[in-house]
Amino acid sequence: MLPRLGGPALPLLLPSLLLLLLLGAGGCGPGVRAEVLFRCPPCTPERLAACGPPPDAPCAELVREPGCGCCSVCARQEGEACGVYIPRCAQTLRCYPNPGSELPLKALVTGAGTCEKRRVGTTPQQVADSDDDHSEGGLVENHVDGTMNMLGGGSSAGRKPLKSGMKELAVFREKVNEQHRQMGKGAKHLSLEEPKKLRPPPARTPCQQELDQVLERISTMRLPDDRGPLEHLYSLHIPNCDKHGRYNLKQCKMSLNGQRGECWCVNPNTGKPIQGAPTIRGDPECHLFYNEQQETGGAHAQSVQ
């Protein structure tokens, strides 16, 4: 069994960590061998040296950056937000979509998940039967072995692993399509029983529209080879939207090949890059450039008047 991620053992552990796409929330049951569909490249000494010093703030636990990053960050604790772009949950926790989420996968992509204690004793079928909103389960991030689950909703004990990445992605695509079908049925039901109370859905923001396009592309993605779905997912830019549907100031590519992704600053309404802001592998401090842009725009408006 591997020791916990953190402390002096961290550089020795990173080269052996794997990024897995599994069925089941939090790993496989007894006697079931997990199928490796995508393996993160090893963290070379050069990549580790580029990380710099560990976080200044005291951390209860250090974990790897999201994706295939090699640098260490503070783990999120129970009750804190989690998702694709947000640091991983602590070792004993898992990232789940909030109860009642209409699109659990989308909630996790946008960082609207919550770190919770691992849910035990629930099979994927039981989750689907008890609540359609949870049919996609949670994005599980195991910070000892790097496991990520984008499909399962509970324990996978007794469940046979899929034998090909194509089958894995087919199940994934079907679950995404099922969400859209369920939403359509709900809208028809409301229109028949409560025509007076039915309100038109709010207009989708540019960030939400871009995210919809990415999710649609994922739902129709095909595997031309045996590299696995995660490698194709890393080639996509998933927009980072806030809870109001606006672009977050900082947008980043996912970490890959042991190197953190590039980050840049955008206008929260349009998603267009802020002029003068850098594109770096780190924090470009977007709030400074956005505030400067706002002040410049306000001064220009006053001069025109």
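Including glycine, each Cβ sits where the backbone N, Cα and C put it.
As annotated by Swiss-Prot, signal peptide applies to 1-34, with the evidence given as similarity to another entry.
Annotated domain 'IGFBP N-terminal' per Swiss-Prot: 36-118, in sequence order. Broken down by DSSP into helix, strand and coil, the domain 'IGFBP N-terminal' (36-118) contains 11 helix, 19 strand, 53 coil.
Summarising the environment of Cys68 (disulfide bond), the number of other Cβ atoms within 10 Å of its Cβ, over all protein chains shown, is 25. The disulfide bond feature in Swiss-Prot is assigned to Cys40-Cys68 (among others); the stated evidence is sequence analysis.
Counting every protein chain shown, 24 other Cβ atoms lie within 10 Å of the Cβ of Cys43 (disulfide bond). Among the features that Swiss-Prot reports, disulfide bond is placed at Cys43-Cys70 (among others).
Around Cys51 (disulfide bond), the same-chain residues at least 6 positions away in sequence with a Cβ under 8 Å from its Cβ are Cys70, Cys71, Ser72. Residues or ranges marked as disulfide bond in Swiss-Prot: Cys51-Cys71 (among others).
Counted within 10 Å of its Cβ, the other Cβ atoms near Cys74 (disulfide bond) come to 19, all protein chains included. The disulfide bond annotation in Swiss-Prot covers Cys59-Cys74 (among others) and is backed by sequence analysis.
Within 10 Å of the Cβ of Cys95 (disulfide bond) there are 25 other Cβ atoms, across all protein chains. According to Swiss-Prot, the feature disulfide bond maps to Cys82-Cys95 (among others).
Residues or ranges marked as disulfide bond by Swiss-Prot on the basis of sequence analysis: Cys89-Cys115 (among others). In this view, Cys89 (disulfide bond) is surrounded by 30 other Cβ atoms within 10 Å of its Cβ, with every protein chain counted.
If you look up Swiss-Prot, you'll see 204-286 marked as domain 'Thyroglobulin type-1', on the strength of sequence analysis.
According to Swiss-Prot, the disulfide bond annotation covers Cys207-Cys241 (among others). Residue environment of Cys241 (disulfide bond) contains 24 other Cβ atoms, counted within 10 Å of its Cβ in all protein chains. According to its DSSP assignment, Cys241 (disulfide bond) is in a strand.
Summarising the annotation, Swiss-Prot assigns disulfide bond to Cys252-Cys263 (among others). Counting only residues at least six positions away in the same chain, the Cβ atoms of Lys250, Gln251, Cys252, Lys253, Thr279, Ile280, Arg281, Gly282, Asp283, Pro284 sit under 8 Å from the Cβ of Cys263 (disulfide bond).
Look at Swiss-Prot and you will find Cys265-Cys286 (among others) tagged as disulfide bond, backed by sequence analysis. Reduced to three states, the DSSP call for Cys286 (disulfide bond) is helix. Here Cys286 (disulfide bond) comes close to Leu249, Lys250, Cys265, Val266, Ile274, Ala277: these same-chain residues lie at least six apart in sequence, with C-beta atoms under 8 angstroms from its C-beta.
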Practice problem: Take the Cβ of Cys252 (disulfide bond) and count every other Cβ within 10 Å, whichever protein chain it belongs to. | Solution: 22
Practice problem: Could you find out if DSSP has Cys252 (disulfide bond) as helix, strand or coil? | Solution: strand
Quiz item: Restricting the comparison to the disulfide-bonded residues Cys43, Cys82, Cys115, which residue's C-alpha is spatially nearest the C-alpha of Cys68 (disulfide bond)?
Solution: Cys43
Quiz prompt | Entries of Cys43, Cys74, Cys89, Cys115, Cys207 which, being disulfide-bonded residues, have CA atoms within 10 angstroms of Cys95 (disulfide bond) | solution = Cys89, Cys115
Practice problem: Determine, using Cα-Cα distances only, which of these disulfide-bonded residues is closest to Cys59 (disulfide bond): Cys43, Cys82, Cys89, Cys241. | Solution: Cys89
